[in-house]
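Asks: Before I ask anything, here is the structure I am working with.
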Amino acid sequence: LLCAAAVVVVAAAGDGPVGSPAPAAFGRVYRGAVNISAERVYAFAYSSEPGQVDAVRVYVNSTSENLQYPVLFVVRQQKGVLSWQVPLIFRGLYQRTYNYQEVSRTLCPSEPTPETGLSDQIIFVDVASMAPFDIAYELLVTRLENFQLETNKAFNFTASPSQPQYFLYRFPQDVDSVIIKVVSDSVYPCSVVSVQDIVCPVYDLDHNVEFNGVYQSMTKQAAITVQRKDFPGEQFFVVFVIKPEDYACGGSVPSSIHENVNRTWNLQRTKNLQVTVVPSIKKSVYVQAIFFSFLSFLSFYLGSVVVAFVHYIRVQRKASAGRLSPEDGSGIMTSSHPITASTPEGSSYGAIDESGSSSGHQLSSPELRPPAGSDTDSSVEEESDFDTMPEIESDKNVIRTKVFLYLSDLSRKDRRIVSKKYKIYFWNIITIAVFYALPVIQLVITYQTVVNVTGNQDICYYNFLCAHPLGVLSAFNNILSNVGHMLLGFLFLLIVLRRDILHRRAMEMKDIYTLDYGIPKHFGLFYAMGIALMMEGVLSACYHVCPNYSNFQFDTSFMYMIAGLCMLKLYQTRHPDINASAYSAYASFAMVICLAVLGVVFGKNDMWFWVIFSVIHVLASLALSTQIYYMGRFKVDGSDTDLGIFRRAAMVLYTDCIQQCSRPMYMDRMVLLIVGNLVNWSFAIFGLVFRPRDFASYILGIFICNLLLYLAFYIIMKLRSSEKLLPIPLFCIVATAVVWAASLYFFFQTLSSWEETPAESREKNRPCILLGFFDDHDVWHFLSAAALFFSFLVLLTLDDDLDTVRRDKIPVF
């Protein structure tokens, strides 16, 4: 009734049409005034060419700041109605309000069908107010000339919260996917870029832009990949909205509700933007990238086959010449030159028979001994807390506290029992991998589903300038690049399996005394390292399905385990009898991962967490140093009651550090542990002072620095002991250093950062650099997989030169 009555009411003074609608012209400014008893109606008519999309933009302004009686504008079209008020009110945090007296909106265009020819369109603009007094306004309606975006052509424009913009884009016939690139010279005001289907109304205000389509926040840069298959009409709108506040893009957060109340913001939050729509890659690039990824790492398989073949030829030539030594120099024992049952007196201090007898007596002849490589399931060989050595405690205390230790002193346990002990590492890590990976996979699938359903691309921190979708995956290239970890991890398992099989065959053919040569061959930790490398690829791929702050620990969990297993393997090489059990090792890794999760939750601002963590870090370093220095003979038992343990620790400190301050009893170990503790204490102090937000990477840095320190110490001591590096381990060391240096260069090319807001992270996005498909981080994946593979080969082959050396001649360090 009000609408019907308003048509016949006599309006107040003004130059616009009064009462009934009257034709109006595009491009002319209409000024007038409205009140409760009068409204103004404008009619704009135009014709559209066949196939042409005409867009109309309405600009309105009112000098009134009275929020109780706003001016209401209603635009009626053939298939829709659009309305708003002036002053236009936006709401922010703490219910803050932002008022705009100038508003301009683009009307949803109507496209005529080709067979109708010229199409007449008419638009009615109603202006009204419930105010009992006159409120002045201005109205301007124009037709947009640059409404449709063109491929590879940049378009510049300006937007504000009350003056959003959107444009139309149509897919060319030969383009199936495009990337919408938006840039701006200014960081703020914060803006939102949205891609919406050709449906009216278009959601182009801050409070409703997230209702439809795909969207992401933006400061200086944004990029959205759009595929033709997602839009049946082969066209879409690109919408640009300026937010009334900047906190969503990392700007300052409003301090209170009372600040800047009823303040107008007409020209204070405008932003200049440039949009360019460029074609994305074709399907053939996907095929090339997949072939490149697999062929690059399958070449490692070919190289391994060549090395194995060359090694086989060399062994055959030596066998035909009758010049084979007890072992062939590559970690595999050979069958020529059998060792007699007699052993030179004093040549193997503490060497015992490894037939499995618990009495410790040697059998009288080799024929009565069980095969060296045989494995049984007897209860004697079950994992236990005691050692199978005669007079075990006294022997340990006498042997392991000698000033100069040799490998024979620390390889006295039954080989089969020790091998079974280290195989537990392999079976346990498989169990851990299954139980860890399945929930992770389920979670990241949920993340990806949420992104696809809601269209919110602020959930995941991709490099949007190089994020190539495939199926439901938003960044297939980041997932594909992890295939190297899985392929090279499997190849490492095959190499270890070959060595294991050849070693078993050699054991079945050789006399028992051949076990006194070289480093004891235990492959359980190597198998565990191969599984860990494969799982790192799986979990890294899962993380990159939707990388964000909450699931980054998925990408680092097995990195901790890889670093820890490498340190354990390096220590086990010359300490096979006193290395940590699988249960205690994995329990320690579990504690580290728990700390990593707590660091993600509490490590950002809570000082108490960093204090507790630093204390735990320092105490753990001291405890581990004590165990290493005394070869596991410094223990806390039931006899240490009350202050007894502290008195004993003080006595040891006085004996080793004050009485013998000029030269510690174990000089080499002391130097390593001093440097190691200085490094770890430095990390603890750094964490307390700077409190890095990326706590997972902080812990990983601690592991890697300790591993590199120990590896450098091991190689230096090896060369200092007049041992040599064979060509293969030397090549692996050089390759490891070169590939790690290259990979770290690409690792530090930050392309995104979940430590910042999604909009700030997108400022770091960069285009692809390899095949037009892979970015810097993908190259890091490729190179780091190769670097880890070479690192594992270093540990596998480092002591191959000792295969012809008796264990009582191999020093322990």
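Note that Cβ sites are derived from N, Cα and C of the backbone, with glycine treated the same way.
Just so it is clear, the model here is predicted, and its values are computed rather than measured.
Copied straight from TrEMBL:
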COMPBIAS  332-346  compositional bias 'Polar residues'
COMPBIAS  355-365  compositional bias 'Low complexity'
COMPBIAS  378-387  compositional bias 'Acidic residues'
REGION    323-387  region 'Disordered'
TRANSMEM  289-313  transmembrane segment
TRANSMEM  425-445  transmembrane segment
TRANSMEM  479-497  transmembrane segment
TRANSMEM  525-546  transmembrane segment
TRANSMEM  552-571  transmembrane segment
TRANSMEM  583-602  transmembrane segment
TRANSMEM  608-630  transmembrane segment
TRANSMEM  670-689  transmembrane segment
TRANSMEM  695-716  transmembrane segment
TRANSMEM  728-748  transmembrane segment
TRANSMEM  779-798  transmembrane segment
Asks: Does the transmembrane segment (552-571) make contact with the transmembrane segment (425-445) through 3 or more Cβ pairs under 8 Å, each pair 6 or more apart in sequence?
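Replies: Yes, since the transmembrane segment (552-571) and the transmembrane segment (425-445) share at least 3 Cβ pairs closer than 8 Å, they count as touching.
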Asks: Grab the same-chain neighbours of the transmembrane segment (608-630) for me: Cβ-Cβ under 8 Å, and only residues 6 or more beyond its ends, written as numbers and ranges.
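Replies: Beyond its ends, the transmembrane segment (608-630) has Cβ neighbours at 400-401, 571, 595, 598-599, 602, 666, 669-670, 673, 676-677, 680-681, 683-685, 687-688, 691, 702.
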Asks: Would you kindly list the residues that approach the transmembrane segment (670-689) from elsewhere in its chain, counting only those six or more residues past its ends and only Cβ-Cβ distances under 8 Å?
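Replies: Residues 610-611, 613-614, 617-618, 621-622, 625, 628-629, 664, 698, 701-702, 705-706, 709-710, 713.
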Asks: Same chain, outside the transmembrane segment (583-602) by at least 6, Cβ under 8 Å from its Cβ: which residues?
Replies: 424-425, 428-429, 432, 549-550, 552-553, 556-557, 560-561, 564-565, 568, 609, 613, 616, 695-696, 698-699
Asks: Between the transmembrane segment (779-798) and the transmembrane segment (525-546), are there three or more CB pairs that fall under 8 A, provided the residues in each pair are separated by 6 or more in sequence?
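Replies: Counting Cβ pairs under 8 Å, at least 3, so yes.
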Asks: Excluding the flanking five residues on each side, which residues at least 6 beyond the ends of the transmembrane segment (289-313) place their CB within less than 8 Å of a CB in that stretch?
Replies: 330, 477, 480-481, 483-484, 487-488, 491, 494-495, 498, 728, 771, 773-774, 782, 785-786, 789
